[in-house]
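To start, the structure itself, in structure tokens.
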Amino acid sequence: MKLTLSSDIKKIEELSYEKYGIQSITIMENAGSSVAYEIKEANLDTDEFVVVSGTGNNGGDGFVVARHLQNFGYKVTVFIVGNPKNISGDAKINFDILKKIDMQIENISEQNGLIKFEKMIKKCPYIVDAIFGIGIDREISDIYIGTIERINLYKKFVISVDIPSGVDSNDGHIYGTCVRADKTVSFILPKIGNIMYPGSSYSDELIIKTVGIPVKAINEKKLKYQIVTEKFAKNFLMLRKRDSHKGNYGKANIIAGSSGLTGAAILTCKAALRSGLGLLKLYIPESLNTLITLSVPETVTVPLHEMRKGVIGINHINRIVEDSNSVNVLAIGPGCGNTSEISETVRRSILDVKAPLVIDADGLNALSKNIKWLLEREGEIVLTPHPGEMSRLSGYSIDEINKNPIHIANEFAEKWKVVLVLKGSRTVIATPDGSVYVNINGNPGMATAGSGDVLTGIITGFIAQGIEVYKSAILGVFLHGMAGDLMAEKRGEYGLLAGDIVDGLAYALKNLTNLNEK
Ligand SMILES: NC(=O)C1=CN([C@@H]2O[C@H](COP(=O)(O)OP(=O)(O)OC[C@H]3O[C@@H](n4cnc5c(N)ncnc54)[C@H](O)[C@@H]3O)[C@@H](O)[C@H]2O)[C@H](O)CC1
Ligand SMILES: [K+]
């Protein structure tokens, strides 16, 4: 499902009005009535509702909701917040209708308005939040703060129009305070602020309603962001033919692990194997070889003589590069340690390995000191940073990255021509052509040591099988989250281990392939 900026929505609405002859008042009517029907069908334990309207078009939607609720037999009181003189356009038309049908209208901004409002919502804690929609553009102040804080204090049920008031629809940040909604009815397509944190956490449920905008208008607007859904991801899976053999499922080389960090190598290999690839080769310091072969017997290991204990010496790089030019993918980084050897291995792989690369963890830390190596890269490459690694790669602070991961991932992927998997509560996959995919499954239990190693393994495994690189990244992130959700269902989030995600992968893949067979 596509994801929008407020400018995208405005462009789509403009196209609909100017090119396709749709009347904006019709869209407002459809928007407001869709919210009213959502309330009616929820069969809430009330026959009374309070509608809180701002003075913009979100407020206009609220006026339409009020009229439809009255028609459904609800007792409705409308509270305006802001100066009613600012109400204009379609909102004004609907405001004037309310006055003509003797709707109970109060003005919170008037003397004692807030006291009246508080008294009302104590009696009737069922509220429609139509204060701000995609038009909010600054910190919330004075009377609006008082209104929103009272809504959150006394509410029994709040339904937000388009987006909870206080969320920035373009990046999900909060303008100081925000309505906490039980439901949000958004229109046409979800906004980034509906999906990204913290905005996404201000509504328990999100419903998207088409409100009469022609599909032609939506398709005419090139939208670069989209949500990863099961329907979207499962199409990337390769079906396994009955008469196949392991050669059909590709080969991957992995450089991972060093003394004290073998767990990362084990998790990455197990995850790659669980993804269904044919043959996996792990380059490992020879002193760690026994441990690895006991832990992951399905992996072919290449024990390499160590110049320094527990580290792969640079004397092996030519062999690794040569080997890797005859496999489907090379992954570097999990548990490699921050050494000059790994840095040289990353450099040579970027420059000389034409097969797709997956670089994670310590491989990223090496790259971040020499980002210009990417300019000499010929083959495809996937980078899988968490915000800390992304900060070192991009120069943005971790706070900036967490505030706007979509924009920063998009900018970096286009600039450096990489597939970027920016991990987080909403993992973002950005591609060199400027497309951005937001994954919305997964759970906080997955924020655990080794979870990133598992993701690297999954993505590597899918590339090995011949799935396009960007699709492998999307499918890998989706399945990683699906596996984590399946295992959290069984074991809870607190006790979730990265190894559980590896176990969950098999079930997640089974579920997804069953869906494909239907
Ligand atoms: N015809 C249409 O455009 C339709 C829009 N839909 C709904 O309209 C909202 C967008 O409206 P809204 O969010 O109210 O934005 P506006 O620009 O109309 O008005 C906002 C109003 O508030 C002022 N403002 C912004 N931030 C603040 C603040 N922090 N404090 C105080 N005041 C603030 C701003 O200056 C404007 O004056 C959209 O979400 C839909 O719900 C219909 O659904 C479809 C038709
Ligand atoms: K709202």
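Including glycine, each Cβ sits where the backbone N, Cα and C put it.
Record check, TrEMBL: K(+) site residues include ASN58, ASP129, and the candidate from SER24, SER165, SER169 also listed there is SER165. The AMP site recorded in TrEMBL comprises LYS423, GLY424, SER425, ARG426, THR427 together with one of GLY434, GLY445, GLY450, GLY452, namely GLY452. Among the binding-site residues ASN58, GLY60, ASP129, SER165, SER425, THR427, residues whose Cβ is positioned under 6 Å from ligand 2 are identified as ASN58, ASP129, SER165. With the fewest other C-beta atoms within 10 Å around its C-beta, GLY452 stands out among the binding-site residues GLY60, GLY452. A C-beta separation below 8 Å, combined with a sequence spacing of at least six in one chain, links THR427 (AMP binding site) to VAL421, VAL438, ASN439, GLY442, VAL477, GLY481. Rounded to a whole value, the Cα-Cα separation of SER425 (AMP binding site) and SER165 (K(+) binding site) is 22 Å.
Here the C-alpha separation of GLY335 ((6S)-NADPHX binding site) and GLY452 (AMP binding site) works out to 11 Å.
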